[in-house]
Amino acid sequence: VVNLFFEDSTRTRNSFALAANRLSADIIEFTKKTSSVSKGESLLDTARNLEAMGIDIVVIRHGAGGAPKFLGRNINACVINAGDGFCEHPTQGLLDVYTIRKIKGTLEGLKIAIVGDIAHSRVARSDMWAMTKLGAEVIFVGPPTLMPSQVDRLPVKVSYSLDEVIEKVDVINMLRIQFERLGGNPFPSIREYSHYFGLTVERMKRAKPDILVMHPGPINRGLEMESEVA
């Protein structure tokens, strides 16, 4: 198994490594900075060279949407998507669904708010498809500047106010503001964003007593949520 990560990762990368180790697989850890990619080698050439060394499974995280699908069409090894661009993060989606079912028993009929930087979040997309498929009502919450284009075509409700939904939802998934992907200033200031969309102790007092609070990590404490809530 090769962990082919072109973007930084803590939880996903180490989770795959631990899982492979527990199943007695050998792990190769690939890093962009210390590989021939830094010399101009293409993604396909990198993968084919690794495949020639006897790789059975490629776990890939890449900044370009569709990179895992591209590899799957061009190499014989099994390809697992560990996050591609703004598109999808399937294993995080599976983990989130598993967590909700474990704690709540079912997703059927639940109201789930996904809050924050929806536009740049692959987690939001994978969660949306999985959760709605299993019968949950998903609400995207955030400022208009952090909503994906054509959000009205997605199977979700949209709210531009966390205060509007905090009392109604059973699960709330807080997303990180992805500053590294922002092309401009989607909100006037960090303080203003936190004021309107941060999960604070005061807001939690208005939530359901059994609300499930989630975050895919890493957390920007004091921005998406207060440390007392985290």
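Just so it is clear, glycine is given a Cβ too, placed from its N, Cα and C backbone atoms.
TrEMBL does not curate its annotations; it predicts them automatically.
According to TrEMBL, the protein carries these features:
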DOMAIN    1-101  domain 'Aspartate/ornithine carbamoyltransferase carbamoyl-P binding'
DOMAIN    108-229  domain 'Aspartate/ornithine carbamoyltransferase Asp/Orn-binding'
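According to DSSP, the secondary structure content of the domain 'Aspartate/ornithine carbamoyltransferase carbamoyl-P binding' (1-101) in residues is 49 helix, 22 strand, 30 coil. Residue counts of the domain 'Aspartate/ornithine carbamoyltransferase Asp/Orn-binding' (108-229) by helix, strand and coil are 37 helix, 23 strand, 62 coil (DSSP-based).
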